[in-house]
């Protein structure tokens, strides 16, 4: 069976089309995707109402602390997590590491995150995501980066934020960058759009489509630094479609309770009374690192091109 | 058609797409997150998404019982994908410990019958209820109906896994309850939404 362009045909059935790749992301909207490192954590996340889990060996806070090269997880761990839950399972590969992606596709994970949280494997090329049946999510800091990833075949986008810090400031900056740019281009005329596409190094057709629709062509989640129900609701009110929570849950005092509260906060992001109720008595959040105390070299969001 | 007002359950998932489709039909549509928001509605759509997430959020704010009363009271309801799972009286392939179901539709649903995301697919379906033109359906980690009660009408089927000569049910109707395993809200084809609005409208004029 041919896998060219991610399309497989048997009879009238088409698999791996962009519609089914982007479609799964649409089903995840209004939900919380949680980082988990064991099958037990995956079960806690499912019971708390996570719409998907991200299977990895170390949460970003530990990757930061331990240093060294961060790679794709052990397939055994990913398989255990896939068996433990019925919700979609995502897993991370290094930027540009298309063989790690081939391995995850062989395992049958539901989504691949080509992630700056792991150590990049290629300093100039991202994975050609069109050649896979499995959909990809990629990080971005601004509209140009988002549209470059979509051009490469990403079917879902997330803001990078600054993973493993528990500091939401970078996620806010990146969400405002993307959504502010979309608001500006939706008012531009055709002449201005050509120049703008060149300036942000993004394909003109995607810039035009984004301007016309007044939104990204794919679903956009927030990630990198979300630690509380209020953080999650803040990102939703800034216009993202859902939220990834990494270290914020399993590095806190009471993961099950905090996970549950963040799920409620994403559904009821516009209801301050409910937000007040779910924020109560959650125990200590992850300790966190102030992003302004990180050197440029320590910032994961700078990875990716 | 009489004027109708629809709600779309907005706990998680693809609710905005349903609202956009209804707006294209000039039908008023509201997001439903709390029980009080069911008041004054003529019909309800339960969208695709993760049925476990929706079930847990619904439970937390006391929405499961009002939804049961709504469906069991014979109010028009359409479930797509996860919504179909929630409406089913019986479901297999659930998470450990099961999940809160609304019920009301006497069918058995296999939660991820078609498998994981690698197996998600698009296919043309013959749907006599919508006319001669096939409907191009998008199935995402989709469920299928493996058993239906006698009074449930089958509207569409697709080839069964591993046996092209067998088929599984992907769309059903029982009175005012409609369920589809696929996602009409992800296509540009308005026929399923028009079909449901007609059900709601008919129901309103005979009960009104």
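Including glycine, each Cβ sits where the backbone N, Cα and C put it.
Lifted from TrEMBL, the feature list:
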| type | residues | note |
| --- | --- | --- |
| BINDING | B:49, B:50, B:51, B:111, B:140, B:141 | L-glutamine binding site |
| ACT_SITE | B:81 | active site, nucleophile |
| ACT_SITE | B:183 | active site, charge relay system |
| ACT_SITE | B:185 | active site, charge relay system |
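Spatially, by CA atoms, the active-site residues B:81, B:183, B:185 include one closest to residue B:141 (L-glutamine binding site), and that is B:81. Those recorded positions from B:51, B:81, B:111, B:141 lying by chain A, with Cβ under 8 Å from one of its Cβ atoms, are B:81, B:111, B:141. In this entry, L-glutamine is bound by B:49, B:50, B:51, B:111, B:140, B:141, whose most widely separated C-alpha atoms sit 13 angstrom apart. The residue listed as 'active site, nucleophile' has its Cα within 10 Å of the Cα of these recorded positions: B:49, B:51, B:111, taken from B:49, B:51, B:111, B:185. Residue pair residue B:183 (active site, charge relay system) / residue B:50 (L-glutamine binding site) shows a Cα separation of 13 Å. Taking the C-alpha positions, the distance from residue B:51 (L-glutamine binding site) to residue B:185 (active site, charge relay system) comes to 17 Å.
With a cut-off of 8 Å between CB atoms and residues at least 6 apart in sequence, the same chain places B:51, B:85, B:91, B:92, B:93, B:94, B:143 near residue B:111 (L-glutamine binding site), listed in sequence order. All protein chains considered, the CB of residue B:49 (L-glutamine binding site) has 26 other CB atoms within 10 Å. Each residue contributes its Cα atom, and for residue B:140 (L-glutamine binding site) and residue B:185 (active site, charge relay system) those atoms are 12 Å apart. Around residue B:50 (L-glutamine binding site), the C-beta neighbours below 8 angstroms that are at least 6 residues distant in the chain are B:12, B:13, B:82.
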